[in-house]
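All remarks here apply to the structure that follows.
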């Protein structure tokens, strides 16, 4: 019931190739056609709020979310649902707190927003370094996931084939980012969100239909088949082996809520909207789309446990990353008719597209930051800066492919957690402080970015995700000294505190200047630029 | 590198353009040399007043929205971790209360988004429009900082 043989497999292969061809075509056709920086970096703000919202949702629902969170919901029940909810809350907070100020003050990258407040090369270089540090691990997770997914769906177990898949997907991601720019990747994201939501809704409806449209029956059956009984419906399964399960759970939620939406590939979509109202409306669509997807994912993942049992899910993958696919497959029953196998192929294609699209957006965010914040000078001609951005996509992409090939046989969870923790401990405090605190100084900003990053990088290797347990990335070694799974409980306060202390210490020297500068940009920050951004 | 100071001149103070019930400098205000700056910043005219109103409206909206969203989740998480007995009590359809509270968050999120859009359009946008129109002439914003 859970194997992908025969028709489904060949359908999937055909679908994957058509998706690759179609998306490449989209990128070439819609890519920037003039030597205009605005067009490459923001796609001329051409998207209507609905489309922009779908693109934001597409950026936000990365493959790590679908596969990892889907697996945790299927295996741990309640804990996974809470994790999915904190993902949604993160986007909601981005909409309420940061979306409009970011749109008003930013131009292309996070470096632009920070440098608006504190101009200087040091700020831009640090911003770019933190962007890379936060996104590269996430890209490695997604790319290594491509290998796993294709190996699973297409049914090969050969290690060389897997590596070839990773390299091929990596080459595709560089092409998308370099050819398509912001507009090309936005279209791919829209396509992906629509396919993912559409196919997911059908599967969720089928699963609910199986259980008589009664969620309580669904959850009770899942609890019975999960092997954990009533514990499936209460907190504690995910961190059962930890030393402090309660604090561990709070720490993880904290990292997701603060870090999820402040990652640069999500915030960069704020700059592509035309006006304040458009950015607000786009975020409304994005939050609605993500909320819908979380509902779908919960039903499909819980349905997977209810229909085939937790044992089958862990047999396919110990962390349950294939739970979403297994749930979709089980929803169609044992024998697939032709329309059913077509529908199931749509689900696998949606996941494949999710992997490709999210990694392409992250490459674009890294490349933009490298080109715009570090390589280009104020007097660099636009044509040259665009060439630099395309070269940067290559410069980021190739090491990422190498890392993904190295990491594909290890646990990828620490890398994903590293990204979220960096977002929560360095990027979120820096953005919040510099947009809302008028006394914040440049020393404070640098201290926040560097202090937050360093605290995560120091603490994370000591967690149980990296070593010491059978599920960790290095199961043979044991240098596990940090008692929690994620570092957020310590590193988020550290990031905020570094900024606070450095600002207080440097206030005498540069406090008045910082305040004047904030007052100068405050009208733009609150009300937006005096005329709509071009577009 | 830091060549963008040109675009960031502070708002010019132009009291004549906006009628205000309160005269630009109240005669009773102390005009000591020590605090002339704060008196000027607090004058009740034109752009400064609009900006202050906008600042207050934005701040209020942001605070309420973020506190409600974060607050709900924080209470939910605290209950989950600290009082498991409350969250495992059976509720609707025999599901534990915690799971019901979790699933309810999806529609609540949607309502929160609608409410946010409504209040922003009602209370913040008009003020923002006024401040935008008073901003000194469009500066060359597209110059790279």
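Cβ atoms here come from the backbone N, Cα and C positions, even for glycine.
Copied from TrEMBL, the annotated features are:
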type: TRANSMEM; residues: A:12-32; note: transmembrane segment
type: TRANSMEM; residues: A:53-75; note: transmembrane segment
type: TRANSMEM; residues: A:81-102; note: transmembrane segment
type: TRANSMEM; residues: A:122-141; note: transmembrane segment
type: TRANSMEM; residues: A:161-179; note: transmembrane segment
type: TRANSMEM; residues: A:250-271; note: transmembrane segment
type: TRANSMEM; residues: A:283-308; note: transmembrane segment
type: TRANSMEM; residues: A:342-367; note: transmembrane segment
type: TRANSMEM; residues: A:388-409; note: transmembrane segment
type: TRANSMEM; residues: A:415-436; note: transmembrane segment
type: TRANSMEM; residues: A:443-461; note: transmembrane segment
type: TRANSMEM; residues: A:481-505; note: transmembrane segment
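Fewer than three CB pairs closer than 8 A are found between the transmembrane segment (A:388-409) and the transmembrane segment (A:53-75), and contact between the two stretches is not assigned (pairs 6 or more residues apart). Across A:53-75, A:161-179, A:443-461, the stretch most heavily in contact with the transmembrane segment (A:283-308), judged by Cβ pairs under 8 Å, is A:53-75. It is A:415-436 that, among the stretches A:53-75, A:81-102, A:161-179, A:342-367, A:415-436, forms the most Cβ pairs under 8 Å with the transmembrane segment (A:122-141). Residues of the same chain lying 6 or more positions beyond the ends of the transmembrane segment (A:481-505) and with a Cβ under 8 Å from any Cβ of it are 239, 242-244, 247-248, 250-252, 254-255, 258-259, 417, 420-421, 424-426, 428-430, 433, 437, 439-441, 443-448, 450-452, 455-456, 459-460, 462-465, 511. Of the candidate ranges A:53-75, A:81-102, A:161-179, A:250-271, A:342-367, A:250-271 contributes the most Cβ pairs within a distance under 8 Å of the transmembrane segment (A:415-436).
Of the candidate ranges A:53-75, A:81-102, A:342-367, A:342-367 contributes the most Cβ pairs within a distance under 8 Å of the transmembrane segment (A:161-179).
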